[in-house]
Amino acid sequence: MKVLRKNHPLLKIVNHSFIDLPTPSNISSWWNFGSLLGTCLVIQILTGLFLAMHYTSDTTTAFSSVAHICRDVNYGWLIRYLHANGASMFFICLFIHVGRGIYYGSYILSETWNIGIILFLTTMATAFVGYVLPWGQMSFWGATVITNLLSAIPYIGNTLVEWIWGGFSVDKATLTRFFAFHFILPFIITALALVHLLFLHETGSNNPSGLNSDSDKIPFHPYYTTKDLLGIFLLLLVLMILALFFPDVLGDPDNFTPANPLNTPAHIKPEWYFLFAYAILRSIPNKLGGVLALILSILILAAFPLLNTSKQHGLIFRPVTQVIYWIFIANLLVLTWIGGQPVEYPFTMIGQIASITYFTIIIILMPVSNTIENNIIKL
């Protein structure tokens with residue numbers, strides 16, 4: 001068996017990636033989230049496949065087809081709620097994975113980091129088009145509001161919006177194409193994830209100390225396969241608790257009402273995992289400015305490798321930047337809260353302050369703290 005796994009053309013790739021892979025001996029549980037994201041992706045593809053067998057992407061039957069899945073299909077309610085809450089688990093793991101990357105300086109591996117940003121954007125696009133499919137009130141109005149943002153693009157904006165809609169409003173053509181996108185994008189995510197792994201295994205993993213670990217490596221199997229399995233079981237436990245006991249806690253009550261173009265919900269908002277970006281979008285009064293800020297809120301992650309001036313890897317020995325990092329996390333939570341609030345005082349003002357703080361921390365405070373710490377080391 002040993003000879004086979006080391007010599008067989010296909011098994012050799014698996015062996016080098018998951019069995020004999022030299023791994024730092026000190027990586028903590030924060031490194032588990034890569035495998036958890038892979039697990040979430042598999043769960044989403046499998047549950048999504050079974051949902052697609054019963055779903056109809058037509059404006060007249062989409063809402064009732066989801067109701068049919070929950071009522072008449074064997075364990076359809078479970079598949080539907082695993083898929084809906086699986087998306088939330090996916091984003092929780094994604095945010096922690098990115099947060100760990102920032103804390104421990106994983107952005108130094110720039111190719112892996114940049115592919116990760118593309119993965120993040122693709123996952124956000126997949127979740128957005130997926131949210132439209134049940135064709136409830138929030139699905140319809142969320143799709144209308146977010147796609148309408150493209151009209152802020154000079155000259156081609158209105159044409160682009162009508163092209164995406166497939167008409168003069170969000171309608172049957174929009175729903176059909178969004179279903180097609182939602183079906184194909186997870187497979188693109190899978191391909192990108194393999195490229196992400198490929199680049200990671202070219203350089204090897206980072207580790208909590210931020211020091212070179214070439215002299216202290218252990219094989220991935222059995223040490224980290226066991227550790228990852230524990231993480232996967234805990235993830236499945238949390239997902240099952242969510243799906244079985246609190247299936248609608250992260251959803252929107254408006255989505256239990258079929259889409260009605262003549263009745264606008266009181267507060268239009270996306271799913272919870274987009275609220276931080278939505279708050280940044282709303283905090284700028286100008287439409288084009290808001291759209292640019294929304295895009296920059298994600299693309300600014302690409303600036304981390306460029307703005308890094310620290311002589312140390314990661315924040316474990318950098319107390320000043322550690323404080324700034326945790327302020328940044330708290331600020332993100334404030335933005336998430338504000339994104340779900342109505343557009344009125346004091347929420348608008350808090351949102352504007354939090355949005356300015358978000359960009360200030362990344363562009364100014366972190367590089368300045370890096371310089372301060374470099375000077376402290378010299379003393």
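Glycine is treated like the rest: Cβ placed from N, Cα and C.
Per Swiss-Prot, the feature heme b b562 binding site maps to His83, His182. Here Swiss-Prot flags His97, His196 as heme b b566 binding site. For His201, the entry in Swiss-Prot reads ubiquinone binding site. Annotation source Swiss-Prot lists transmembrane segment at 33-53, 77-98, 113-133, 178-198, 226-246, 288-308, 320-340, 347-367, citing similarity to another entry.
Swiss-Prot feature annotations superimposed on the structure.
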{"residue": "His83", "record": "heme b b562 binding site", "contacts (Cβ under 8 Å, 6+ apart)": "Gln44, Thr47, Gly48, Leu51"}
{"residue": "His97", "record": "heme b b566 binding site", "contacts (Cβ under 8 Å, 6+ apart)": "Phe33, Gly34, Leu37, Gly116"}
{"residue": "His182", "record": "heme b b562 binding site", "contacts (Cβ under 8 Å, 6+ apart)": "Gly48, Thr126, Val129, Gly130, Leu133"}
{"residue": "His196", "record": "heme b b566 binding site", "contacts (Cβ under 8 Å, 6+ apart)": "Thr112, Ile115, Gly116, Leu119"}
{"residue": "His201", "record": "ubiquinone binding site", "contacts (Cβ under 8 Å, 6+ apart)": "His16, Ser17, Leu21"}
Ranking 178-198, 226-246, 288-308, 320-340, 347-367 by Cβ pairs under 8 Å to the transmembrane segment (113-133) puts first 178-198
Counting Cβ pairs closer than 8 Å to the transmembrane segment (226-246), the top stretch among 33-53, 77-98, 288-308, 320-340, 347-367 is 77-98
DSSP, reduced to three states, assigns His182 (heme b b562 binding site) to helix
Could you tell me whether the transmembrane segment (33-53) and the transmembrane segment (178-198) have 3+ CB pairs under 8 A, leaving out pairs under 6 positions apart? yes
